[in-house]
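S.K.: Checked TrEMBL, it gives:
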{"type": "TRANSMEM", "residues": "81-102", "note": "transmembrane segment"}
{"type": "TRANSMEM", "residues": "130-151", "note": "transmembrane segment"}
{"type": "TRANSMEM", "residues": "181-198", "note": "transmembrane segment"}
{"type": "TRANSMEM", "residues": "242-264", "note": "transmembrane segment"}
{"type": "TRANSMEM", "residues": "276-299", "note": "transmembrane segment"}
{"type": "TRANSMEM", "residues": "331-353", "note": "transmembrane segment"}
{"type": "TRANSMEM", "residues": "368-388", "note": "transmembrane segment"}
{"type": "TRANSMEM", "residues": "442-461", "note": "transmembrane segment"}
{"type": "TRANSMEM", "residues": "467-489", "note": "transmembrane segment"}
{"type": "TRANSMEM", "residues": "501-525", "note": "transmembrane segment"}
{"type": "TRANSMEM", "residues": "531-552", "note": "transmembrane segment"}
{"type": "DOMAIN", "residues": "696-754", "note": "domain 'CBS'"}
Amino acid sequence: QLTPSSFLRIGQLSNVDLNEDVHELETELPRQHPNEIPHNEKLLSLKYESLDYDNSENQLFLEEERRINHTAFRTVEIKRWVICAMIGILTGLVACFIDIVVENLAGLKYRVVKGNIDKFTEKGGLSFSLLLWATLNASVVMVGSMIVAFIEPVAAGSGIPQIKCYLNGVKIPHVVRLKTLVIKVCGVILSVVGGLAVGKEGPMIHSGAVIAAGISQGRSTSLKRDFKIFEYFRRDTEKRDFVSAGAAAGVSAAFGAPVGGVLFSLEEGASFWNQFLTWRIFFASMISTFTLNSVLSVYHGNAWDLSSPGLINFGRFDNEKMGYTIQEIPIFIFMGVVGGILGALFNALNYWLTMFRIRYIHRPCLQVVEAMLVAAVTATVGFVMIYCSRDCQPIQGSTVAYPLQLFCADGEYNSMATAFFNTPEKSVVNLFHDPPGSYNPMTLGMFTLMYFFLACWTYGLTVSAGVFIPSLLIGAAWGRLFGISLSYLTKGSIWADPGKYALMGAAAQLGGIVRMTLSLTVIMMEATGNVTYGFPIMLVLMTAKIVGDYFVEGLYDMHIQLQSVPFLHWEAPVTSHSLTAREVMSTPVTCLRRIERVGTVVDILSDTFSNHNGFPVVESNPDAKQVAGLRGLILRSQLIVLLKHKVFVERANLSLVQRRLKLKDFRDAYPRFPPIQSIHVSQDERECMIDLSEFMNPSPYTVPQEASLPRVFKLFRALGLRHLVVVDNHNEVVGMVTRKDLARYRLGKEGLEELSLAQT
């Protein structure tokens, strides 16, 4: 067999860490936390497994599919629609819950602080108010950060990178568990109420995905309840499609944008798509927006007029005064460039910050302290800026929820307070709709500067929080500033309405940070209820994306890369045609024979060094002249179920029939298959034989070892495989390609780079 050391060297997984000495320390003292975790963006983590997006077509599966007749398939199709409707309803209800609780708690907090400030403004001693505000914020955020750091760390952040990885086929532990959903919802309520520079829109996407993954399985593994429904959908392929529907429902509940939700799922989320899916996902999004709308309308007391389609309403823009002329188009393009540059700056700062966090702030208690620090600093900055601002506006005809008077004359309020002393969503709407002259340019400039750094510092804290609203707020502030300076320059021409530029600035800033084009255009159009702006928004977003991509990646891709996830993009790296399957594959491969000793199987599964998940099955008679060719592929999870149900016979009577297993036995064990350590096999049972013929997948995908890397990549990526067997001319197994072997190769600054693999 061809195994010269030359391509063994490439094929083997290199566990070379960059700081060898630290690595040795870690192996000796596994329990103690090192002060610094050596982390480097050129690593690929081995702790992430793949999902089986390719069905194992073994005899059991084929028998079941052949038994199902046409009407039964129709029932399955109806069930899919029912599940999508349920996803929509539940996502809408969760969004309502978040919205109502945040509104009440934040209202309570602002009323207390406002009363306190009004009291102390008259008799002096405002530092007490500052203390009260900072303490309230820090204590609320402390609770929100503790539940995330100590109970479910996956719930941190917006969850969009994690869902993106899940839909790509990477199994991120605990990402779609019920516990994650509960922590996510509580965490996002607490972090928004705690006055951090965050939004509650991003986490809705993660929440929708968890709801979808839960409902489609018809049971809860966390609560140990099985409802015995939807059993057909208990496999990764089906679950994946429902999760992309859940993500879309989350977007449409957040922004009241059902079409935007579908496009978001298509553009940012899903790695696999088909046409039937589009329509079902649109259905889920519609139902989700409608549920949210009806419940909130009833809650606000006007039950019949359906006035709140999403968690954030940008309010309606009037068409009369809000048109745009041809000479404004260059201005919009310029705003796009500014948004792209600011977005790239935001991402670069956040990149260094996240690297610092991964290296030094990895203990849960430190993470909670950092979150409290940020909360206190945010309150202090807001207070100091309101205190120093002399920008007074008449209270008549303004729509401020909590007007702070401070040192203004009676009947006036401090306009810096409308920006800081409010939930970010309300501030965005104020910036869009307040009449010209409501803000002093100085106020807006200072606010943009401070909020930019606060938002950048906040993203990546150990709290559940989205980056959508802060980006919109930063963009709206500098956009409005831009509009005001335009009217100064053009001596107050009618077309320079600051609200319009605030909208464009918001789009530019968000596009520059997350780099979405199509879905963001539609979301902005649906959220403002105005189609007139379709073209300018599209121009702004395209410019922002092109300019931003020139400097640095989008925020979500950056975080995926920082967590060393083996993410497969749409195409293989451009210059990779020189590599072949022989150089990419992992060797040597652990094979099983078609009729194998139970002891051998148990030993292979218990071996901690080779925690493989797929094993090629080869022909079992070694003495004959014929080649031990590839006969099939069997998964670790299937072998564990076989051992658990003791599907084997003694050596003497191989003619005896083994216990028949049904496909249901495999589905009941999904998705948390027991570890091999929990399965007890006695000494006598180790001598039994196990026949894998009807459980293995008899037609696994294979490639010859001469196939080029792009060809292997296309096959692997398009079919969502987990294992791809590499064979030689005699159909003998020579290697195995898994996700990590393909994700290792990346296009860097100097050309093709190979990442090293680490056990972190």
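These residue numbers are counts, starting from 1, taken along the chain as shown.
Cβ coordinates are placed from backbone N, Cα and C, and glycine is handled just like the others.
Could you place these features in context, so I can see how deep they sit and what lies close by?
M.R.: Remote same-chain residues near the transmembrane segment (130-151) are listed as 109, 112-113, 116, 179, 183, 186-187, 189-191, 193-196, 364-365, 367-368, 371-372, 374-376, 378-380, 382-383, 461-464 (criterion: CB distance under 8 Å, separation of at least six residues from the stretch ends).
Same-chain residues lying 6+ beyond the ends of the transmembrane segment (242-264) with a Cβ under 8 Å from its Cβ atoms: 83-84, 87-88, 91-92, 94-95, 163, 166-167, 176, 200-202, 204-213, 215-216, 233, 270, 273, 277-278, 280-282, 284-289, 291-293, 308-313, 468, 516, 518-520, 522-523, 526-527.
Long-range neighbours of the transmembrane segment (276-299) within the same chain, counting only residues 6 or more positions beyond its ends whose Cβ lies under 8 Å from a Cβ of the stretch, are 80-81, 84-85, 87-89, 91-93, 95-96, 99-100, 208, 212, 241, 244-246, 248-253, 256-259, 261-262, 265-266, 270, 305-311.
If you look at the transmembrane segment (331-353), the same-chain residues 6 or more away from its ends with a CB under 8 A from one of its CBs are 324, 452-453, 455-457, 459-460, 471, 474-475, 478-479, 482, 486, 501, 504-505, 507-509, 511-513, 515, 536, 539-548, 550-555, 558, 562.
Panel annotation: around the transmembrane segment (442-461), residues 145, 156-157, 196-198, 342, 346, 349-350, 353-354, 357, 367, 370-371, 374, 377-378, 381, 385, 389, 391, 415-416, 419-420, 467, 470-471, 473-474, 477-478, 480-481, 484, 555, 559 of the same chain, lying at least six beyond its termini, place a Cβ under 8 Å from a Cβ of the stretch.
Sequence-remote contacts of a segment are chain residues at least 6 beyond its ends whose Cβ falls under 8 Å from one of its Cβ atoms, and for the transmembrane segment (467-489) they are 158, 197-202, 254, 312, 331, 335, 338-339, 342-343, 346, 419, 424-425, 427-428, 431-432, 436, 439, 441, 444-445, 447-448, 451-452, 455, 458-459, 496-510, 513-514, 555.
A Cβ distance under 8 Å defines the sequence-distant neighbours of the transmembrane segment (501-525), meaning residues of its chain 6+ beyond its ends; these are 251, 255, 257, 259-260, 263-264, 266-268, 314, 317, 332, 335-336, 338-344, 346-347, 428, 431-432, 467-468, 471-480, 482-483, 486, 531, 533-534, 536-538, 540-545, 547-549, 553-557.
Residues 317, 319, 322-324, 328-329, 332-333, 335-337, 339-341, 343-344, 347-348, 351, 503-504, 507-509, 511-513, 515-517, 520-521, 524-525, 558 of the same chain, all 6+ positions outside the transmembrane segment (531-552), place their C-beta atoms under 8 angstroms from a C-beta of that stretch.
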S.K.: Which whole-number mean pLDDT does the model give the domain 'CBS' (696-754)?
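M.R.: Average per-residue pLDDT within the domain 'CBS' (696-754): 87.
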S.K.: So if I exclude everything within five residues of the ends of the transmembrane segment (181-198), which remaining residues of that chain have a CB under 8 angstroms from its CBs? That is, six or more out.
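M.R.: Sequence-distant neighbours of the transmembrane segment (181-198): 94, 97-98, 101-102, 105-106, 109, 133, 137-138, 140-141, 143-145, 147-148, 151-152, 155-156, 159, 206-207, 210-211, 214, 374-375, 378-379, 382, 423-424, 451, 454-455, 458-459, 461, 463-467, 469-470, 473.
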